[in-house]
Amino acid sequence: MNPLAMMMFLTSLAIGTTITLSSHHWLLAWIGLEINTLALLPIMTKTPHPRAIEAATKYFLTQATASALMLFSCLINAMQAGEWDINTPSNLMTNSLSIAIMMKLGLAPMHFWLPEVLQGISLVTGLILSTWQKIPPMILLFQISHNINLNLTVILGLTSVLIGGWGGIGQTQIRKIMAFSSIGHLGWIIIILKLNPQLSLFNFILYTIMTTAMFLSMIMLSATKMSQISTSWTKNPALTTTTMLVLLSLAGLPPLTGFPPKLLIIMELIKQNMFISATLIMLASLLTLFFYLRLTYIIALTLSPNTHNSTIWRTPTKPWLVFSIINTMALTLLPLTPAILLT
């Protein structure tokens with residue numbers, strides 16, 4: 001793709017996100033989301049492959065449906081309340097608006113588009129879709145969290161964690177595994193949204209850091225399948241080791257970065273006397289733990305036949321400083337958790 005065109009599309013992504021984040025008006029927020037969607041479509045199809053075209057088509061249809069439902073909900077709110085302010089949604093409009101935003105995020109049971117779309121695009125575009133594109137809808141959810149239906153968030157959160165784990169077990173494609181991982185993590189974020197929005201935001205920030213680190217690792221290793229990961233040790237042992245640790249961090253194992261949000265969410269659910277929800281979400285997270293451990297096993301404990309230990313690591317010329325900072329944050333933020341929550 002022409003670098004000038006790519007810069008224009010990336011600038012449009014940034015502008016759309018900024019409009020949504022800075023708006024107090026539902027129509028402006030909707031316009032920002034639409035700019036984001038339309039800017040990502042050409043980036044998805046920069047390699048004119050049938051899978052990429054199919055992924056872009058599915059993404060467009062899903063986002064258009066969610067946008068139509070969102071605009072319909074905002075119109076109902078404007079008709080009832082006489083204003084478009086984000087902080088004053090009516091009860092009738094909040095449920096449909098929440099479902100529309102969750103469809104944009106890819107929460108279960110509106111998740112069917114996410115694995116297929118992520119599988120059809122490149123790793124770099126998948127990184128944008130899994131992190132940057134989730135920021136505007138998530139911020140809108142935080143803004144209406146005081147009016148959101150608790151039963152809706154708990155049911156969709158539990159469903160997302162369960163489907164995120166169940167769907168990822170039989171996958172061999174890393175992009176699909178990351179899609180189901182994203183669904184599972186969004187379930188953890190949503191289940192606590194009504195009770196503690198600050199903790200939900202903390203979880204979302206750590207999810208973004210860990211997912212970015214994982215996608216950057218896959219880009220560095222040029223790996224999209226499990227079979228390609230199994231041969232990565234001979235190419236770059238240091239990078240392979242950090243990739244394994246990032247996977248364990250995504251699984252939520254202590255003492256890595258992914259552990260504190262899960263611990264704090266369980267503690268918050270118990271504090272709110274939601275013992276059944278806390279038990280169910282812990283049991284459902286064991287499914288995601290399984291496929292993370294399977295990936296870790298393939299990376300660390302298997303070596304493909306006919307490989308040799310090269311004395312020269314085939315290290316590509318990549319932005320190592322950014323990658324090192326992101327990887328460090330994805331592994332070592334546990335001691336800083338109290339400080340981050342107090343800011």
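Placement of Cβ uses the backbone N, Cα and C atoms for every residue, glycine included.
What TrEMBL records for 23-288 is domain 'NADH:quinone oxidoreductase/Mrp antiporter transmembrane'.
Sequence annotations record features per position, and here TrEMBL assigns domain 'NADH dehydrogenase subunit 2 C-terminal' to 289-341. In the predicted structure, the domain 'NADH dehydrogenase subunit 2 C-terminal' (289-341) carries a mean pLDDT of 75.
For the transmembrane segment (26-44), same-chain residues at least 6 beyond its ends with a Cβ under 8 Å from one of its own Cβ atoms are 1, 5-6, 9-10, 12-13, 15-20, 52, 55-56, 59-60, 63-64, 67, 70-71, 74, 77-78, 84-86, 104, 117, 120-121, 125, 128-129, 133, 136-137, 140. Annotation comment: TrEMBL describes 26-44 (among others) as transmembrane segment.
Summarising the annotation, TrEMBL assigns transmembrane segment to 56-80 (among others).
Here TrEMBL flags 92-114 (among others) as transmembrane segment.
Residues annotated as transmembrane segment in TrEMBL: 150-170 (among others).
Same-chain neighbours of the transmembrane segment (177-195): 102, 105-108, 111, 114-115, 117-119, 126, 130, 134, 138, 141-142, 145-146, 148-150, 153-154, 156-165, 167-168, 171, 203-204, 207, 211, 214-215, 250, 261-262, 265, 268-269, 272, 277, 281, 285, 288, 291-292, 295, counting only residues six or more beyond its ends whose CB sits under 8 Å from a CB of the stretch. Feature annotation from TrEMBL assigns transmembrane segment to 177-195 (among others).
Per TrEMBL, the feature transmembrane segment maps to 201-224 (among others).
The annotation transmembrane segment is assigned in TrEMBL to 236-254 (among others).
Among the features that TrEMBL reports, transmembrane segment is placed at 274-299 (among others).
Under the heading transmembrane segment, TrEMBL lists 320-341 (among others).
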Discussion item. At a Cβ cut-off of 8 Å, and with pairs 6 or more apart in sequence only, do we get at least 3 pairs between the transmembrane segment (201-224) and the transmembrane segment (274-299), yes or no?
Written reply: no
Worksheet, complete the sentence: Sequence-distant contacts of the transmembrane segment (236-254), meaning Cβ under 8 Å and at least 6 residues beyond its ends, amount to 181, 185, 210-211, 213-214, 217-218, 220-221, 229, 261-262, 285, 288-289, 292-293, 295-296, 299-300, 313-315, 327, 330-331, 334
